[in-house]
Amino acid sequence: MALTPTREDKFSFGLWTIGYTGADPFGGPTRSDLDVVEGVERISELGAYGLTFHDDDLFAFGSTDAERQTQIDRLKGALSDTGIVVPMVTTNLFSAPVFKDGGFTSNDRAVRRFAIRKVLRNIDLAAELGAQTFVMWGGREGAEYDSAKDVRGALERYREAVNLLGDYVTDKGYDIRFAIEPKPNEPRGDILLPTLGHALAFIETLERPELVGVNPEVGHEQMAGLNFTAGIMQALYQGKLFHIDLNGQRGIKYDQDLVFGHGDLQNAFSLVDLLENGGVGGGRSYDGPRHFDYKPSRTEDITGVWDSAAANMRMYLLLKERAQAFRADPEVQEALAAAKVQEIYTPTLNEGESYDDILADRSSYEDFDAPSYFDAKGFGFVRLNQLALEHLMGARS
């Protein structure tokens, strides 16, 4: 398998990722700002297919209409010259002081109205550029103090805003869907819709739930101690994986935004196997962008920025290669069969069977030999996982 990225791999990068200057809460930038044209040209040379951005990444908050249009035109020119596309756009409702208490859920009604206007304008830009996904990360939607935010009221305002956006894209005829990006905390002490499960539940309350899915990020779910692959499987199962953010995270701590695979490598392996092949038991795989939302380390110069961008794509392709070998190994197939992984797809009830039938079936309870599972009938899960790790480590081909 070739390890050189191509457009067919659908690798994309956020402008805020390759453009990260190294500033953090404890120190200023260590690199200069990145011009958008240079960013587009360099990721094109590396083999990526897409660039994503927040509005404030492309033109500064408070820019005049002329300044805004100048940057949009420069981006369009670079896209035309390189063939790079914009698959996703999002809006920054977290950096400017006006959003100190959030955008859609700020306690200040005027701020909420301003936030909606800012988003509507950027949806128009997304449609103009051909983006089909609009991500919503509510980084400031939350609180540090329980008494400071009425969560029930905040969720209702969140719902009101998302419903309005759904009306807008429908009435405009835009081919755009929304993807909510969960995160448990940071920058707020607690963020609304903190995990993938919270977001999926919230989506079901909306007036147009078919227009709204999720954009889970590796590090965000792992900050909450969750298994990212398992969460992605549920999002796929519910038809809600509209976009995905790939990066690396090493445990429950601050959002590290490492290169993909440079954190929990085993979970990254199972994730790529799922995205490419549908999981060990089959099921739906993912055909959308493989989007890298990482930060080049503060220690790096501009050469290190592009090395880290390339590393994301190479890590994904290496893991894809390892997943293909894992699937093709006859011993793995034997271990999967011994572990009865596929049997989960056999309905527990027979066709047409009701609770009356299962209550009448003595073999399911009265005559079932439960003691036979003591000292016997192991599932072989450890052997299966050992085979997976040996493939991950390149010990098996």
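Each Cβ is built from the backbone N, Cα and C atoms, and glycine gets one as well.
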Going by Swiss-Prot, E181, E217, D293 bind Mg(2+) 1; tell me which of D245, D264, D273 is listed for that site too.
D245
Pick from D255, D257: which of these binding-site residues has the biggest number of other Cβ atoms within 10 Å of its Cβ?
D257
Across all protein chains in the structure, which of the recorded positions H54, H220 has the highest Cβ count within 10 Å?
H220
Give me the Cα-Cα distance between E181 (Mg(2+) 1 binding site) and H220 (Mg(2+) 2 binding site), rounded to a whole Å.
9
Are there recorded positions among H54, D57, D293 that sit within 10 Å of D257 (Mg(2+) 2 binding site), Cα to Cα? If so, list them; otherwise say none.
D293
Taking the mean position of the Cβ atoms of E181, E217, D245, D293 as the Mg(2+) 1 site, which residues outside that list, in the same chain, have a Cβ no more than 8 Å away, listed in sequence order?
V135, W137, N215, P216, V218, G219, H220, I244, L246, N247, H291
